[in-house]
């Protein structure tokens, strides 16, 4: 059935969905999974294929009136946990945030690593997650608790040793199906794919990639931004004109043990460079929710709120939520 694909021919959406469902079943061999992931790595993924993969792995839950801010990782920038910090800031400003994330697979410091260190207890079901979201405006869903089929790919992904399509599929599989998404990608070729999935799925989304490779809005390079609603538009942000010069050592570290402290001090406003970086990446969350009309307004509102101490107090609340 899949011989033509293995020779490089693109698949339609339905065939791609069938293929991913088969690969996510115990009947599929690791050799076949490795072959498919390798072909996709070499020739790339079409929008129809990505849509089929998404539909195969995404549980058909009701859409949640909330926002997720997530990055693909893989940029090797070793920055603080900025999307998680931005999610906390946005929720402390009154927005409903359903954050989806994982631990680091690269030996650095992932979003779930940071949340664990705050004392946060991950919800184990969508029902529990929705209750948390209702109580506090914030919930963090730990990806392996909800993407159990991904465990079948673990051995193959480790053996292959390169990022596969699953690295880019996982971040958009939030089981609460938030209607609004801010998605950062380290691979610019996935921007149009994410925009296509968002448009075809009825999401509102902001897709972003920075020219220095960050899957965040970088303070050191221009960021390309795609805005998705009924239509897709594009813009660019020169973040340095908003933040001023930032010291890299205040927002990034090759030492995983230092990342949590830098992230926490940014949320508290003690690390001003970190706070500016977090405010910069909170801006698109405010924009997509109608709380800011542009990046400058969103950045300034988020930074003022961080420096007021609101996010630091809010973090104490969600860390104790059970």
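Glycine is treated like the rest: Cβ placed from N, Cα and C.
According to Swiss-Prot, the protein has these features:
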- 71, 74-75, 79, 81-84, 99-107, 111: 5-phospho-alpha-D-ribose 1-diphosphate binding site (BINDING)
- 71, 102: anthranilate 1 binding site (BINDING)
- 83, 216: Mg(2+) 1 binding site (BINDING)
- 157: anthranilate 2 binding site (BINDING)
- 215, 216: Mg(2+) 2 binding site (BINDING)
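For residue 215 (Mg(2+) 2 binding site), the spatially nearest entry among the binding-site residues 71, 79, 100 is 71, judged by CA separation. The secondary structure of residue 71 (5-phospho-alpha-D-ribose 1-diphosphate binding site), as reduced to three states from DSSP, is extended strand. The binding-site residues recorded for this entry are 102, 157, 216, and the Cα of 216 lies nearest to that of residue 71 (5-phospho-alpha-D-ribose 1-diphosphate binding site). Of all the binding-site residues in the list 102, 157, 216, the shortest Cα-Cα distance to residue 79 (5-phospho-alpha-D-ribose 1-diphosphate binding site) is found for 216. A separation of roughly 16 Å, to the nearest angstrom, links the Cα atoms of residue 103 (5-phospho-alpha-D-ribose 1-diphosphate binding site) and residue 157 (anthranilate 2 binding site). Between the CA atoms of residue 216 (Mg(2+) 1 binding site) and residue 83 (5-phospho-alpha-D-ribose 1-diphosphate binding site) there is a gap of 8 Å. A gap of 12 Å separates the Cα atoms of residue 102 (anthranilate 1 binding site) and residue 83 (5-phospho-alpha-D-ribose 1-diphosphate binding site). Neighbour density for residue 71 (5-phospho-alpha-D-ribose 1-diphosphate binding site): within 10 A of its CB lie 25 other CB atoms from the protein chains shown.
In this structure, the binding-site residues 79, 83, 102 were compared by how many other Cβ atoms lie within 10 Å of their Cβ, and the smallest count belongs to 102. Comparing residue 100 (5-phospho-alpha-D-ribose 1-diphosphate binding site) with residue 157 (anthranilate 2 binding site), their Cα atoms are 21 Å apart once rounded. Around the Cβ of residue 157 (anthranilate 2 binding site), a 10 Å sphere holds 18 further Cβ atoms from the protein chains shown. The two recorded residues residue 83 (5-phospho-alpha-D-ribose 1-diphosphate binding site) and the residue listed as 'anthranilate 2 binding site' have their Cα atoms spaced 25 Å from each other. Within 10 Å of the C-beta of residue 215 (Mg(2+) 2 binding site) we count 25 further C-beta atoms, all protein chains included. A count of other CB atoms within 10 A of each Cβ picks out 100 as the most crowded of the binding-site residues 100, 103. Look at residue 83 (5-phospho-alpha-D-ribose 1-diphosphate binding site): DSSP puts it in a helix.
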